Amino acid sequence: MSQISSHHAQPYPLVDYGWDEACEHAFSTHRAAGLIPARIVRAERSSCEAVTDTGIVRATIPGAADHGDPLSAPCTGDWAALRPASSGPMPVLHAILERRTALVRSSSSRTSLGQVLAANVDTVVVTVSLAAPLKHGRTERMLALAWESGAQPVVVLTKADACTDLLSAEEQVSGVAAGVDVLVTSAVTGQGLDTLTTVLKGTIVLLGPSGAGKSTLGNRLLGEDRLATGAVREVDGKGRHTTSWRELLPLPGGGVLLDTPGLRAIGLHDAQSGLEQTFAEIEDLAQACRFTDCAHVSEPGCAVLAAVEAGEISQRRLDSYHRLLRENAYSASRTDSRLRADREAAKKNITRHLRATYRFRERGQ
Ligand SMILES: Nc1nc2c(ncn2[C@@H]2O[C@H](COP(=O)(O)OP(=O)(O)OP(=O)(O)O)[C@@H](O)[C@H]2O)c(=O)[nH]1
Ligand SMILES: [Zn+2]
């Protein structure tokens, strides 16, 4: 999913980017101190791009080198308090408001610290193509990520026009997505798009494998072709145009589409509770296992294995559960233990409704 053009209309009222009463309330002390509200569009190490009521600005991130923990670094979607540029050339990032939700991925780096890819996402759209064989394990992984973030997942089945057995596909996917709306859509016929628009709330992200139809769907939601789809990229041959990437795109009917490059290859990171929610029926059954630490592999008196035996849970589902737990444990074990300990409190806040406000040390204060 990438973007080809960025013809944004001036000015940029922050409400189009999701500013609401709750933000205003959280910002009141900053407002009184003369700070400017902004939403971070993208963040690098020592500066970030942010949208304010008067336009997009670049702001410096003071003390950026001091951040031991990448989870506390500013990221796309964060609400920020900027100190206006008085003496220096650029405004300064003073604080990040408490995050409501955060999509965290395990980074591919050596130390494998988690990285926040998107903050304050309200709805995670898990896209599943109906034009390809269904891969439930992938859907389950994305659902675990979504639940873990604190956002509400929605499954969107794309390319309904290319599917011969819609009912069966819908039933199968609903079977692995308990507690989640499953919508059938087609960008070709327009099926399901109105319903989708009414379901989407606040800041949304589109997750899904390459080719699932995320860009095409995003363009339909935006009402214009701003995201480069597979077809365009083939012609252009050079991949995405990173220079014109806009991570935050207001939707005409309200809401904001958050689209960052990193969401593409997102892996599980400390998503234990997200996995528990995704596989809620297995977690429920586990209560009845003879051993409290039952791994549901070969233990006697295992209620989960009994349910598989009885055909109540598919072997595929249990295998997927085990695989994703392993993936999650692997990512967690690669996280440096000292940093893990250091951030216990902060992590709880970030992934579970988030009480942390990060302040940045400004030079000369
Ligand atoms: N038949 C049909 N094809 C679709 C539909 N939506 C998207 N496509 C096609 O599927 C292909 C992939 O769509 P994209 O929107 O580029 O997929 P993507 O998920 O953004 O892919 P990445 O950018 O690689 O992550 C394109 O050739 C689209 O034209 C649909 O509703 N029906
Ligand atoms: Zn068991």
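Backbone N, Cα and C atoms are what each Cβ position is placed from, and that goes for glycine too.
Since the structure is predicted, the reported quantities are computational estimates derived from the model, not experimental observations.
Pulled from TrEMBL, these are the features on record:
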- Thr158, Lys159, Ala160, Asp161, Gly208, Pro209, Ser210, Gly211, Ala212, Gly213, Lys214, Ser215, Thr216: GTP binding site (BINDING)
- Cys289, Cys294, His296, Cys302: Zn(2+) binding site (BINDING)
- 110-266: domain 'CP-type G' (DOMAIN)
- 119-264: domain 'EngC GTPase' (DOMAIN)
Binding-site residues near ligand 2 among Ser210, Cys289, Cys294, Cys302 (Cβ under 6 Å):
Cys289, Cys294, Cys302
Looking only at the binding-site residues Ala160, Gly208, Ala212, Cys294 (Zn(2+) binding site) has its closest CA neighbour at Gly208
Report the nearest neighbour of Thr158 (GTP binding site) in space among the binding-site residues Cys289, His296, Cys302, comparing Cα positions.
His296
List the binding-site residues Ala160, Ser210, Cys289, Cys294, His296 whose Cβ sits under 6 Å from any atom of ligand 1, in sequence order.
Ser210
Rank aside, I only need the closest one: which of the binding-site residues Cys289, His296, Cys302 has its C-alpha nearest to that of Thr216 (GTP binding site)?
His296
Quick check: of the binding-site residues listed here (Ala160, Gly208, Ser210, Ala212, Lys214), which one has the Cα closest to that of Cys289 (Zn(2+) binding site)?
Gly208
Among Thr158, Lys159, Ala160, Asp161, Gly208, Pro209, Ser210, Gly211, Ala212, Gly213, Lys214, Ser215, Thr216, the record's GTP-binding residues, the widest C-alpha separation in angstrom comes to 19
Between His296 (Zn(2+) binding site) and Ala212 (GTP binding site): CA-CA distance (Å):
33
